[in-house]
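Trainee: Annotation comment: TrEMBL describes 528-538 as compositional bias 'Acidic residues'. What TrEMBL lists as compositional bias 'Polar residues' is 634-643. The feature compositional bias 'Basic and acidic residues' is assigned by TrEMBL to 648-663. Feature annotation from TrEMBL assigns domain 'Nucleolar protein 10-like N-terminal' to 1-364. According to TrEMBL, the domain 'Nucleolar protein 10-like second' annotation covers 369-417. Feature annotation from TrEMBL assigns domain 'NUC153' to 482-508. Annotation comment: TrEMBL describes 528-557, 634-688 as region 'Disordered'.
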Amino acid sequence: MQVSSLNEVKIYSLSAGRSLPEWLSDRKKRALQKKDVDIRRRIELIQDFEMPTISTKIKVSRDGQYIMAVGTYKPRVRCFDTYQLSQKFERCLDSEVVTFEILSDDYSKIVFLQCGRFVEFHSQHGHYYKTRIPKFGRDFSYHYPSCDLYFVGASSEVYRLNLEQGRFLNSLQTEASESNVCDINPVHFLFAMGTAEGKVECWDPRTRNRVGLLDCALSSVTADTEIEGLPSISALKFDGALNMAVGTSTGQVLLYDLRSSNPLIVKDHHYGLPIKSIQFQHQLDLIISADSRIIKMWNKDTGKIFTSMEPEHDINDVCLYPNSGMLMTANEAPKMNIYYIPVLGPAPKWCSFLDNLTEELEENPESTVYDDYKFVTRKDLENLGLAHLIGSSLLRAYMHGFFMDIRLYHKAKMMANPFAYEEYRREKIRQKIEETRAQRVQLKKLPKVNKELALKLIEEEGEEQQFSKKRKQKNLPSLLKDDRFKVMFENPDFQVDEQSEEFRLLNPLVSKISEKRKRKLKILEELEAQGQEEEEEPEGKASDAESSESSDDEKGWVEEVRKQRKLLRQEEKLKRQERLKEDQQTLLKPQFFEIKEGEEFRSFKDSAKKQKLMKKTLEDRLKLEEKLGTLNVSDTTVGSKQATFKLKKSEQQRKQQEAEKRHRQERKTLRRSASHLKSRRGRGRLFH
């Protein structure tokens, strides 16, 4: 169990630690628990409280006995029984679930809104009914007095499905192009929906008329916030009869009183991520808002941060267990997180042992590190002359060093180095001198590999900096300082080959440009050898003359390409002549090849015939085999074709069959000769 503390609020992560695979047997699990201390100390509050890949939504039934979660992959819903601390059932679905709602007090009536425009109803035994809405849905709410389901999504209409009559009713026509979220007030049943334009429309279900409109996008922009684009509504939640919290796609949470069009308070998450979930905690008057990265708890009257949590994986949904301090999250990971915060409330009655655990941990608190302490090593103590304090109460051993009071550290440093101010003054003077030197032309340190390319990039970077200063634009990052391209200037395998054919054809003017760079490179190498720190502009031609030399017209570029092509043809011709001379000078030596056992060499014509035969189509090969008699094709009574093949025998099989044939013939001749002798002997006895 992992414990964290922020603003003196203890947060216990009950799902921290490694989880054992499902396919392990009970015997292996017990063996691992004996060996590994971390596995033995972990707390598995609910057995197998996870999804195969990710979990998207998590809710608690009204009676508090069942926790239901949906996730992928494959799309499924899992129900966990808190009284048994284990999974009750699991049902697989046809498509991924966008959101779901538990209509009954337990799990007997559930509605799923799926991504394929399907609305699926489940009863206690399983799947009950399935229907479809006209446009893709994003959220829905259930109106208990009229048994109506209100669906919002990629449409300007709000679809109504009456569960008592079992049919769709007239939809509500809104001004929005699309709607993202909706909610119904639990007191007076006002229906509110958040649009993609950053507005909240409120409708009265009794008269089916719009009764209010809030422009949250305009109210979310304050002096401190930086917003790119129009904020849309991503979360919506009612609190009581008059309060409503709205979350935007740019990371702001606005708290409204329904009697006013201006927000009471605007809270920014400062991450720029859409708000995924908003929950109210009434005992301490807190609002729990979450985006994909962080969960923040803050006071709804003052906006002051109470505490916050940053899980390891991205958050998809947050569920606060009623009347307790337990918080559950659905994440972009198989394991669903469970947090227990004792300050928010007691543990649920089905896991009341958590209160005893947390009390025992608070009785034996772990050591903490404060900001008014300084960490020093043994070498630092020797430099300060405080090595004799080792073992005393002024030093507290920690890891490879010690903690000491920051005031004692400053006093010892002043006594050990009384001229610290002079050193500080000299350091500031040196920094000022370096700032003035930076305005001069400094020596460029070039890498070992691709020096000419690095020089070209430095020159282009200087030109871009001058251009961006004139236009008042931001400078782009340099390739030489980028870690992704660092290997290109360190590994010799990335050296540019200027003699290759591709380089010479794609860079026809490289010879003229490289000459100027080579002159600069030579000057820089001489300065490096001399160890100078500054570089003046080399005397010679002015910069205007150099720029006039580097600029060529299109005609010169075409002539240069033709010249390079002619040189490449000449070089290729010389290479062919050299290879021809080498072939004439070399004498061919006879080579011997060994034939495998059981094979007989016939001629090289057989391999050529086989290659020709393999190049032919299947139809031609079948016709050829039919002529040779190795294939027989006939029609069957059903109308299909029947083909009979005769397999080719290997040379070893053929010799074996010939030997068996000779053996059978020899035995026949022996039997005939034996019968002939018997007949002759019988005739001789008769004559006697």
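In case you wondered, yes, glycine gets a Cβ from its N, Cα and C as well.
Surface or core, plus neighbours and distances: that's what I need for these features.
Mentor: Secondary structure counts, DSSP: the domain 'Nucleolar protein 10-like second' (369-417) has 21 helix, 13 strand, 15 coil.
Tertiary neighbourhood of the domain 'NUC153' (482-508): same-chain residues 447-450, 452-454, 514, 557, 560-561, 564-565, 567-568, selected by CB-CB distance under 8 Å and a gap of 6+ residues from either end.
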Trainee: Per DSSP, what is the helix/strand/coil residue tally across the domain 'NUC153' (482-508)?
Mentor: 16 helix, 0 strand, 11 coil
